[in-house]
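Among the features that TrEMBL reports, Zn(2+) 1 binding site is placed at His90, Asp101, His196. Under the heading Zn(2+) 2 binding site, TrEMBL lists Asp101, Glu134, His387. The allantoate binding site annotation in TrEMBL covers Arg221, Asn280, Arg293. Positions annotated as domain 'Peptidase M20 dimerisation' by TrEMBL: 222-313.
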Amino acid sequence: MTADAPLTDTRWQTLTTKIMDACAALACYTEVEGETNRPFLCPTTHQVHEYLTHWADELGMTTYEDAAGNLRSRLAGATPDARTLYLGSHLDTVPNAGAYDGILGVVMGYAMLEAVKGEALPYAVEVVGFSEEEGVRYGVPFIGSRALVGTVDDMLELCDAAGQSVRDAITEYGLNVEEMAEAQYKGKALGYFEIHAEQGPVLQDQGASLGVVDGIAGQNRLMLNFVGQASHAGTTPMNLRRDALAAAARFAVAAEDLARATPGLVATVGVMQALPGAMNVIPGEANCTLDIRHARDEVRLGALKALLETAEAASAERGVTVTVTPKMEEKATPMSGDFKALLHRAAEAEELPHPELVSGAGHDAMIMAAHMPSAMLFVRSPNALSHHPDEMVLPEDVTDALRVSVRFLHLLAEQNV
Ligand SMILES: [Zn+2]
């Protein structure tokens, strides 16, 4: 193969148009008229898969749905025992979604292969449209990618709001849950590469069309329950109060202060509730949440410890007690150093800025990275809008990302001949 066989500008533009058109077309397959809404294994998933299968057929790929409802399109490698590069993202959406979150990465997987059509890649490639990443229907994300890496079994009995289990949803969709073991990837994996809209403001702020993801932030989510004493707002002097909300408020501001002072740390108190909740009653109880994230586990855990000490101190000062309930903990997921280096080289060759950034949101790459070298390329999100119908990506940014990704395929091929 020729690593630098240049595509003409017209060809890149044609491919970009095909990507943008596919995202727009797939956004019309929805469970809710007038918006894009596609939860895990909803009936319109069939149409999404049919659309993408047409494209895969044009590329000479073999396509099937696995037992978790992932769409898998496979292009054979140079030899039967060639390693497999997985490209993809997710095809489910949040309610009232935009057209690009997840979908862009799947569609671009096909576009990358169209760009190299006719070249003999030494590795096999599988484009995967994961069936579930958003966690909307079952409250827990990554059913699709967990099936691919063989860790989905403990999710099959989860039930949605209507009481239907994952197992039954799979059967109703028309797949055989007994074949789940077949969904697990076989043979040697070369790695996983995911293109995704940034969904944040960093690339726009830096004036870059794309960025190389350094890692996916680890996170803790917890609930805090502050208990003091409700009493009369007029007759209780300040020194005799046990105001639970005041302690919680101190904690919330401390979280903001610490995150502002710590590079890369984000901390959010997203829920704050005062009880009994009357204008003339001192809050006897307050409940709040904390969501804290950082790319390095030791920074996140150090900050969490400091904040919980602040919650204790702010409570003790007021005769309030605080109880902490952990809700979720995810370790940080670093991306593959080798793959990152190739992406930087690819962007360098395309003469494009290529800042590194941390993903504050979870992605399928989080699950894949535990099993194979994984990398992500972010595409700028204008106005940082995501999980919103006005979510967008710029066609010229998509072209940049496609050029870099195709070069990444070539660099990877040079390493694996
Ligand atoms: Zn996504």
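Cβ atoms are placed via backbone N, Cα and C, with glycine included.
Positions of the features from TrEMBL, shown on the structure.
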{"residue": "His90", "record": "Zn(2+) 1 binding site", "Cβ contacts under 8 Å, 6 or more apart": "Gly102, Gly105, Val106, Gly129, Phe130, Ser131, Glu132, Glu133, Glu134, Gly144, Asp364"}
{"residue": "Asp101", "record": "Zn(2+) 1 binding site", "Cβ contacts under 8 Å, 6 or more apart": "Thr93, Val94, His196, Ala197, Gln199, Ser386, His387, Glu391"}
{"residue": "Arg221", "record": "allantoate binding site", "Cβ contacts under 8 Å, 6 or more apart": "Thr289, Leu290, Asp291, Pro326, Lys327, Met328, Glu329"}
{"residue": "Asn280", "record": "allantoate binding site", "Cβ contacts under 8 Å, 6 or more apart": "His232, Ala233, Gly234"}
{"residue": "Arg293", "record": "allantoate binding site", "Cβ contacts under 8 Å, 6 or more apart": "Ala217, Gly218, Gln219, Leu265, Val266, Ala267, Arg300, Gly360"}
Check: same-chain CB within 8 A of Zn(2+) 1 site center, minus His90, Asp101, His196: Ser89, Tyr100, Gly102, Ile103, Leu104, Gly105, Glu133, Ala197, His363, Asp364
Greatest inter-residue Cα distance in Å for the allantoate-binding set Arg221, Asn280, Arg293: 37
Sequence-ordered binding-site residues from Asp101, Asn280, Arg293, His387 with Cβ under 6 Å of an atom of ligand 1: Asp101
Sparsest-packed of the listed binding-site residues (Glu134, His196) - C-beta count within 10 angstroms: Glu134
Taken over the domain 'Peptidase M20 dimerisation' (222-313), the model's mean pLDDT: 97
Additional residues around Zn(2+) 2, ordered along the sequence, whose Cβ is within 8 Å of the centroid of Asp101, Glu134, His387: Thr93, Val94, Ala97, Gly98, Gly102, Gln199, Ser386
Cβ packing number for His387 (Zn(2+) 2 binding site), 10 Å threshold: 15
